[in-house]
Amino acid sequence: MSEQYILAIDEGTTSTREIIFNYAGQQVASVAREFTQYFPKPGWVEHQAEEIWNAVQITTSTALINSAIRPDQLAVIGITNQRETTVVWDKETGRPIYPAIVWQSRQTSDIAEKLVKDSYSEMIRQKTGLVIAPYFSATKIRWILDHLEGAQERAEKGELLFGTIDTWLVWKLTRGKVHVTDCTNASRTMLFNIHDLTWDQEILDLLKIPRTMLPEVKSNSEVYGETDPYQFFGGRVPIAGMAGDQQAALFGQLAVKPGMVKNTYETGSFIVMNTGEEPIESKNNLLTTIGYKLGDQVNYALEGSVFVAGSAIQWLRDSVKLLNSAPESEQAALESKDANEVYVVPAFTGLGAPYWDSEARGAIFGLTRGSSDKDLIKATLQSLAYQTRDVVDTMQKDSGIEIPVLRVDGGASNNNYLLQFQADLLGKKIERAADLETTGLGAAFLAGLAVGYWQDLDSLKEIAKTGAAFAPKMEEAERDRLYAGWQRAVLATRVFAHGKDF
């Protein structure tokens with residue numbers, strides 16, 4: 001029998017990547033394709049779900065061709081995806097009735113604000129582990145049903161289906177035969193009770209969302225169905241592992257013990273701590289969520305979501321034209337002569353954890369006549385580290401666990417300047433994953449375990465290795481001074497946006 005491989009579909013916010021892994025966890029092929037971002041109004045972010053599906057088809061076929069691997073050589077497919085992004089489609093035609101509303105989008109702020117005003121915050125936090133925010137899928141579904149004529153009635157008749165991107169891709173791969181999600185993606189909808197692991201009827205009734213729209217919720221590692229040959233180059237391949245991108249990265253880093261933490265620097269930055277089999281309720285605006293579910297065992301997590309991280313570097317490149325490429329930011333930061341006096345608060349779509357302020361907007365502080373482009377680039381890079389410290393400090397306070405090491409992955413973790421500054425600012429060791437594509441690796445691990453490609457967690461430990469490590473070098477007094485400046489900058493940004501003090 002010829003060697004078998006695993007295909008991981010890593011569907012992100014700005015691009016789709018397909019990675020083919022072998023048994024040793026090595027990448028045999030990796031192909032990425034960007035798709036269009038739509039900004040119909042200020043603060044709105046949308047995707048075309050069919051464009052995402054087309055990107056998956058193109059990258060899959062290219063990966064298979066480049067590696068000379070046939071569909072029948074794929075043992076299994078794993079999927080990981082941008083979370084919360086919401087698609088509603090016609091059950092019969094399979095066509096979306098509205099563009100996908102992206103997790104970053106603020107077009108549903110009014111719905112979230114009304115829920116807060118009507119005093120539903122505590123009920124929703126207790127059931128879902130989440131704060132009320134336009135970030136999550138629930139308000140996005142409600143917005144679509146409100147703004148498309150006849151959509152509410154059609155939903156009540158069972159004519160419309162909802163899914164996050166994982167659900168949409170499984171639906172397409174199986175040619176409409178399977179409508180499922182996994183518990184990590186479900187836990188990001190603001191509709192899922194993370195304690196009894198079911199869609200919460202009280203919240204569904206509150207938002208008038210028919211239960212018939214919602215997918216069946218499965219574990220992260222089981223066979224959900226198989227590809228339809230028409231949709232997958234003539235092959236029938238089991239789809240058997242699925243997780244939201246940040247939970248997939250947690251699993252890809254094998255952060256499987258309570259207290260283990262990872263940070264993924266991508267479009268946003270997402271710090272996730274494994275808290276074990278009991279959920280920890282945050283007192284400081286972190287999210288209590290599901291880390292992963294294997295069989296009947298659920299592992300919970302605390303998460304701090306930063307909305308703008310790598311996308312701040314893209315802003316420097318694409319909008320203000322200070323960079324030709326993102327990797328140039330490292331050398332620019334090293335050449336900066338300023339004494340870390342400039343602060344960039346990249347609240348382009350509001351502030352995430354622990355502030356949850358959707359009205360805040362980006363700002364720059366500390367400029368002088370001598371400030372240069374390199375100073376601005378360095379300050380933007382540093383903003384990723386400052387926002388991470390906001391979350392790590394809060395996470396330690398909520399959990400009572402001192403975090404000795406932060407494991408990192410994602411595109412921006414290639415930047416050595418960023419990781420050294422992160423270590424300095426936290427006063428903690430930073431370990432970079434040897435394979436930065438830990439989201440795809442996590443999806444592959446989950447899928448492989450489901451079909452016996454790998455037997456158990458022990459067999460994965462030789463694959464998930466760490467690469468370079470960064471130890472803190474900064475004096476504590478300097479660390480505290482810099483962070484105090486960041487806190488003043490964030491406060492000033494919020495005061496400006498709201499016209500009041502905090």
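Including glycine, each Cβ sits where the backbone N, Cα and C put it.
Keep in mind the model is a prediction, meaning the values are calculated, not measured.
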* Identity of the ADP-site residue among Gly310, Gly362, Gly366, Gly467 (reference: Thr13, Arg17, Thr267, Gly411, Asn415, source: Swiss-Prot) -> Gly310
* Asked: So Swiss-Prot lists Arg83, Glu84, Asp245, Gln246 for glycerol; which of Tyr38, Tyr135, Tyr292, Tyr300 goes with them?
  -> Tyr135
* Structure fact -> Once DSSP output is merged into helix, strand and coil, Gly310 (ADP binding site) belongs to helix
* To do: Determine the minimum-neighbour residue: among Arg17, Arg83, listed as binding-site residues, which Cβ has the fewest other Cβ atoms within 10 angstroms?
  => Arg17
* Structure fact -> DSSP, reduced to three states, assigns Asp245 (sn-glycerol 3-phosphate binding site) to helix
* Between Thr13 (ADP binding site) and Gln314 (ATP binding site), what is the CA-CA distance rounded to a whole number of Å? -> 13
* Asked: Once near-sequence residues are set aside, which residues in the chain of Gln246 (glycerol binding site), 6 or more away, have Cβ atoms under 8 Å from its Cβ?
  -> Arg83, Thr264, Phe270, Val272, Glu303, Thr439
